[in-house]
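These come from TrEMBL:
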DOMAIN    42-245  domain 'TLC'
TRANSMEM  6-32  transmembrane segment
TRANSMEM  53-69  transmembrane segment
TRANSMEM  89-109  transmembrane segment
TRANSMEM  171-198  transmembrane segment
TRANSMEM  210-233  transmembrane segment
Amino acid sequence: MAFQTFLIVVTASSCATWLAVFRLSAVVLTWLCSTYEGLSKHRRHVVDDSFKAAVYGCFAGPLAWYAYICTEIPPEGVWLDVPLVRFLSALYMGSILAQLIVTIGFPYASKTDFILYKMHHAVSLYSTYIGASYPAMPYYANVCYMMQLSNPSVYLRVILKELGYQDSKYYMWNGVVMCVTFALCRVLVTSIATFNLVKVMVFQDAFSRLPLHVSLCYILGALVFNSLNYYWFSLMCKRAIGHLWRNDKQTSEPKLK
(Lines of atoms letter the chains of each structure in order from A; the text may use other names.)
(Lines give C-alpha, C1' and ligand atoms only; values in the text may rest on other atoms or scores of the structure.)
Protein backbone atom coordinates (compact mmCIF):
# COMPACT_ATOMS: atom_id res chain seq x y z
CA MET A 1 0.00 0.00 0.00
CA ALA A 2 1.16 3.55 -0.71
CA PHE A 3 1.67 6.26 1.84
CA GLN A 4 -0.76 8.74 0.29
CA THR A 5 0.35 12.26 -0.59
CA PHE A 6 -2.28 13.74 1.74
CA LEU A 7 -0.94 11.70 4.66
CA ILE A 8 2.62 12.77 3.85
CA VAL A 9 1.44 16.38 4.06
CA VAL A 10 -0.33 15.63 7.37
CA THR A 11 2.82 14.03 8.80
CA ALA A 12 5.07 16.92 7.73
CA SER A 13 2.56 19.51 8.96
CA SER A 14 2.18 17.68 12.26
CA CYS A 15 5.94 17.57 12.77
CA ALA A 16 6.27 21.29 12.00
CA THR A 17 3.32 22.17 14.24
CA TRP A 18 4.65 20.35 17.31
CA LEU A 19 8.12 21.78 16.79
CA ALA A 20 6.48 25.22 16.77
CA VAL A 21 4.54 24.39 19.95
CA PHE A 22 7.83 23.33 21.56
CA ARG A 23 9.29 26.75 20.73
CA LEU A 24 6.12 28.55 21.81
CA SER A 25 6.27 26.91 25.24
CA ALA A 26 8.89 29.38 26.50
CA VAL A 27 6.67 32.35 25.63
CA VAL A 28 3.55 30.88 27.22
CA LEU A 29 5.20 29.61 30.40
CA THR A 30 7.22 32.79 30.94
CA TRP A 31 3.92 34.67 30.85
CA LEU A 32 2.16 32.19 33.15
CA CYS A 33 4.89 31.48 35.69
CA SER A 34 7.80 33.63 36.84
CA THR A 35 9.83 30.62 38.02
CA TYR A 36 10.26 29.38 34.44
CA GLU A 37 12.96 31.98 33.70
CA GLY A 38 14.99 30.74 36.67
CA LEU A 39 15.29 27.20 35.30
CA SER A 40 18.49 25.88 33.78
CA LYS A 41 18.65 25.25 30.03
CA HIS A 42 18.30 21.51 30.62
CA ARG A 43 15.24 21.89 32.87
CA ARG A 44 13.62 24.32 30.41
CA HIS A 45 14.04 21.70 27.71
CA VAL A 46 12.22 19.17 29.89
CA VAL A 47 9.38 21.61 30.54
CA ASP A 48 9.07 22.69 26.89
CA ASP A 49 9.02 19.08 25.72
CA SER A 50 6.37 18.24 28.31
CA PHE A 51 4.29 21.24 27.24
CA LYS A 52 4.40 20.03 23.63
CA ALA A 53 3.34 16.51 24.61
CA ALA A 54 0.51 17.78 26.82
CA VAL A 55 -0.91 20.00 24.06
CA TYR A 56 -0.70 17.13 21.58
CA GLY A 57 -2.59 14.85 23.97
CA CYS A 58 -5.34 17.46 24.38
CA PHE A 59 -5.91 17.37 20.62
CA ALA A 60 -5.24 13.78 19.54
CA GLY A 61 -6.63 11.95 22.57
CA PRO A 62 -10.23 13.24 22.33
CA LEU A 63 -10.18 12.76 18.54
CA ALA A 64 -9.24 9.08 18.95
CA TRP A 65 -11.92 8.58 21.61
CA TYR A 66 -14.44 10.20 19.26
CA ALA A 67 -13.48 7.64 16.61
CA TYR A 68 -13.86 4.86 19.18
CA ILE A 69 -17.26 5.94 20.51
CA CYS A 70 -18.97 7.68 17.61
CA THR A 71 -17.83 5.71 14.55
CA GLU A 72 -18.12 2.04 13.71
CA ILE A 73 -14.71 0.43 14.16
CA PRO A 74 -15.36 -3.23 15.05
CA PRO A 75 -12.56 -5.16 16.80
CA GLU A 76 -13.00 -8.00 14.30
CA GLY A 77 -12.48 -5.70 11.29
CA VAL A 78 -9.20 -6.85 9.71
CA TRP A 79 -9.31 -5.21 6.26
CA LEU A 80 -11.24 -2.00 6.90
CA ASP A 81 -10.48 1.55 5.79
CA VAL A 82 -11.22 4.22 8.41
CA PRO A 83 -9.85 7.55 7.09
CA LEU A 84 -9.94 9.21 10.53
CA VAL A 85 -7.68 6.51 11.99
CA ARG A 86 -5.24 6.79 9.09
CA PHE A 87 -5.23 10.57 9.62
CA LEU A 88 -4.48 10.03 13.33
CA SER A 89 -1.66 7.67 12.35
CA ALA A 90 -0.03 10.34 10.19
CA LEU A 91 -0.62 12.94 12.90
CA TYR A 92 1.06 10.78 15.53
CA MET A 93 3.96 9.98 13.21
CA GLY A 94 4.61 13.70 12.86
CA SER A 95 4.59 14.17 16.62
CA ILE A 96 7.07 11.31 17.10
CA LEU A 97 9.38 12.80 14.46
CA ALA A 98 9.18 16.14 16.28
CA GLN A 99 9.96 14.35 19.53
CA LEU A 100 13.04 12.71 18.01
CA ILE A 101 14.25 16.06 16.69
CA VAL A 102 13.92 17.94 20.00
CA THR A 103 15.59 15.13 21.95
CA ILE A 104 18.71 14.88 19.76
CA GLY A 105 21.61 15.02 22.18
CA PHE A 106 19.24 15.25 25.15
CA PRO A 107 20.73 13.61 28.29
CA TYR A 108 18.35 11.02 29.76
CA ALA A 109 18.18 10.38 33.50
CA SER A 110 19.44 6.82 33.11
CA LYS A 111 20.41 4.26 30.51
CA THR A 112 17.14 2.44 31.24
CA ASP A 113 15.12 5.57 30.40
CA PHE A 114 17.10 6.01 27.19
CA ILE A 115 16.43 2.42 26.08
CA LEU A 116 12.73 2.49 27.01
CA TYR A 117 11.99 5.78 25.28
CA LYS A 118 13.94 4.98 22.13
CA MET A 119 12.23 1.59 21.93
CA HIS A 120 8.89 3.35 22.36
CA HIS A 121 9.72 5.83 19.58
CA ALA A 122 10.97 3.14 17.19
CA VAL A 123 7.88 0.96 17.59
CA SER A 124 5.64 4.06 17.39
CA LEU A 125 7.16 5.14 14.08
CA TYR A 126 6.82 1.65 12.64
CA SER A 127 3.22 1.20 13.82
CA THR A 128 2.10 4.66 12.70
CA TYR A 129 3.57 4.08 9.25
CA ILE A 130 1.63 0.81 8.98
CA GLY A 131 -1.52 2.45 10.38
CA ALA A 132 -1.35 5.27 7.84
CA SER A 133 -0.36 3.11 4.86
CA TYR A 134 -2.65 0.09 5.24
CA PRO A 135 -6.46 0.07 5.62
CA ALA A 136 -6.13 -2.77 8.11
CA MET A 137 -6.78 -3.32 11.83
CA PRO A 138 -8.05 0.24 12.44
CA TYR A 139 -9.56 -0.64 15.84
CA TYR A 140 -6.13 -1.57 17.21
CA ALA A 141 -4.36 1.38 15.64
CA ASN A 142 -6.93 3.73 17.16
CA VAL A 143 -6.50 2.20 20.63
CA CYS A 144 -2.87 3.34 20.50
CA TYR A 145 -3.98 6.91 19.89
CA MET A 146 -6.64 6.71 22.61
CA MET A 147 -3.77 6.31 25.06
CA GLN A 148 -2.79 9.92 24.35
CA LEU A 149 -5.69 11.11 26.51
CA SER A 150 -3.53 10.40 29.55
CA ASN A 151 -0.69 12.59 28.26
CA PRO A 152 -1.96 16.00 29.45
CA SER A 153 -2.02 14.97 33.12
CA VAL A 154 1.22 12.95 32.85
CA TYR A 155 3.18 15.84 31.37
CA LEU A 156 1.44 18.55 33.40
CA ARG A 157 2.78 16.71 36.45
CA VAL A 158 6.31 17.07 35.06
CA ILE A 159 5.75 20.78 34.36
CA LEU A 160 4.34 21.47 37.84
CA LYS A 161 7.24 19.65 39.48
CA GLU A 162 9.89 21.48 37.47
CA LEU A 163 8.25 24.84 38.21
CA GLY A 164 8.23 24.13 41.94
CA TYR A 165 4.56 23.30 42.51
CA GLN A 166 5.04 19.72 43.76
CA ASP A 167 3.62 20.63 47.19
CA SER A 168 0.52 22.33 45.80
CA LYS A 169 -3.04 21.03 45.57
CA TYR A 170 -2.80 21.38 41.78
CA TYR A 171 -0.02 18.80 41.80
CA MET A 172 -1.96 16.46 44.08
CA TRP A 173 -5.22 16.57 42.11
CA ASN A 174 -3.39 16.32 38.81
CA GLY A 175 -1.77 13.16 40.19
CA VAL A 176 -5.21 11.71 40.88
CA VAL A 177 -6.38 12.55 37.34
CA MET A 178 -3.16 11.08 35.94
CA CYS A 179 -3.65 7.75 37.72
CA VAL A 180 -7.31 7.51 36.66
CA THR A 181 -6.73 8.41 33.00
CA PHE A 182 -3.63 6.22 32.78
CA ALA A 183 -5.51 3.25 34.25
CA LEU A 184 -8.42 3.81 31.86
CA CYS A 185 -6.55 4.61 28.64
CA ARG A 186 -3.35 2.61 28.99
CA VAL A 187 -4.33 -0.36 31.15
CA LEU A 188 -8.06 -1.12 30.89
CA VAL A 189 -8.69 -0.22 27.24
CA THR A 190 -5.44 -1.79 26.03
CA SER A 191 -6.16 -4.99 27.98
CA ILE A 192 -9.56 -5.27 26.30
CA ALA A 193 -7.95 -4.59 22.93
CA THR A 194 -5.30 -7.25 23.54
CA PHE A 195 -8.00 -9.80 24.37
CA ASN A 196 -9.82 -8.88 21.14
CA LEU A 197 -6.56 -9.06 19.17
CA VAL A 198 -5.94 -12.61 20.40
CA LYS A 199 -9.46 -13.60 19.30
CA VAL A 200 -8.85 -12.10 15.85
CA MET A 201 -5.52 -13.91 15.55
CA VAL A 202 -7.11 -17.24 16.49
CA PHE A 203 -10.50 -17.09 14.80
CA GLN A 204 -10.17 -14.68 11.85
CA ASP A 205 -8.69 -16.22 8.70
CA ALA A 206 -8.26 -12.72 7.28
CA PHE A 207 -5.56 -11.99 9.88
CA SER A 208 -3.35 -14.77 8.52
CA ARG A 209 -3.63 -13.20 5.06
CA LEU A 210 -2.24 -9.86 6.21
CA PRO A 211 1.28 -9.06 4.99
CA LEU A 212 3.77 -10.31 7.55
CA HIS A 213 5.10 -6.85 8.39
CA VAL A 214 1.54 -5.64 9.07
CA SER A 215 0.55 -8.50 11.37
CA LEU A 216 3.91 -8.26 13.16
CA CYS A 217 3.29 -4.55 13.67
CA TYR A 218 0.18 -5.19 15.77
CA ILE A 219 1.62 -8.18 17.62
CA LEU A 220 4.87 -6.37 18.40
CA GLY A 221 2.99 -3.17 19.24
CA ALA A 222 0.76 -4.98 21.73
CA LEU A 223 3.76 -6.60 23.42
CA VAL A 224 5.87 -3.44 23.63
CA PHE A 225 3.17 -0.91 24.53
CA ASN A 226 1.50 -3.19 27.06
CA SER A 227 4.83 -3.93 28.72
CA LEU A 228 5.73 -0.24 28.92
CA ASN A 229 2.28 0.78 30.12
CA TYR A 230 2.13 -1.86 32.84
CA TYR A 231 5.67 -1.00 33.94
CA TRP A 232 4.92 2.73 34.15
CA PHE A 233 1.59 2.09 35.89
CA SER A 234 3.30 -0.12 38.48
CA LEU A 235 5.70 2.76 39.20
CA MET A 236 2.73 5.12 39.61
CA CYS A 237 1.01 2.76 42.03
CA LYS A 238 4.22 2.24 43.99
CA ARG A 239 4.76 5.99 44.37
CA ALA A 240 1.10 6.63 45.22
CA ILE A 241 1.15 3.96 47.93
CA GLY A 242 4.43 5.35 49.26
CA HIS A 243 2.96 8.87 49.36
CA LEU A 244 -0.20 7.71 51.18
CA TRP A 245 1.87 5.62 53.60
CA ARG A 246 4.08 8.59 54.49
CA ASN A 247 1.07 10.85 55.02
CA ASP A 248 -0.67 8.24 57.16
CA LYS A 249 2.47 7.73 59.23
CA GLN A 250 2.86 11.47 59.78
CA THR A 251 -0.75 11.93 60.93
CA SER A 252 -0.62 8.90 63.24
CA GLU A 253 2.60 9.93 65.02
CA PRO A 254 1.99 11.67 68.39
CA LYS A 255 2.95 15.33 68.37
CA LEU A 256 5.11 16.62 71.22
CA LYS A 257 3.86 19.72 72.97
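Placement of Cβ uses the backbone N, Cα and C atoms for every residue, glycine included.
Residues 61, 75-76, 139-140, 143, 146-150, 153-154, 156-157, 160-161, 165, 218-219, 222, 225-226, 229-230, 232-233, 236-237, 240 of the same chain lie 6+ residues outside the transmembrane segment (171-198) yet bring a C-beta within less than 8 angstroms of a C-beta in it. Beyond the ends of the transmembrane segment (53-69), by six or more residues, the same chain brings 18, 21, 82, 84-85, 88, 91-92, 95, 99, 142-143, 145-152, 154-156, 159, 185 to within a C-beta distance below 8 angstroms of the stretch.
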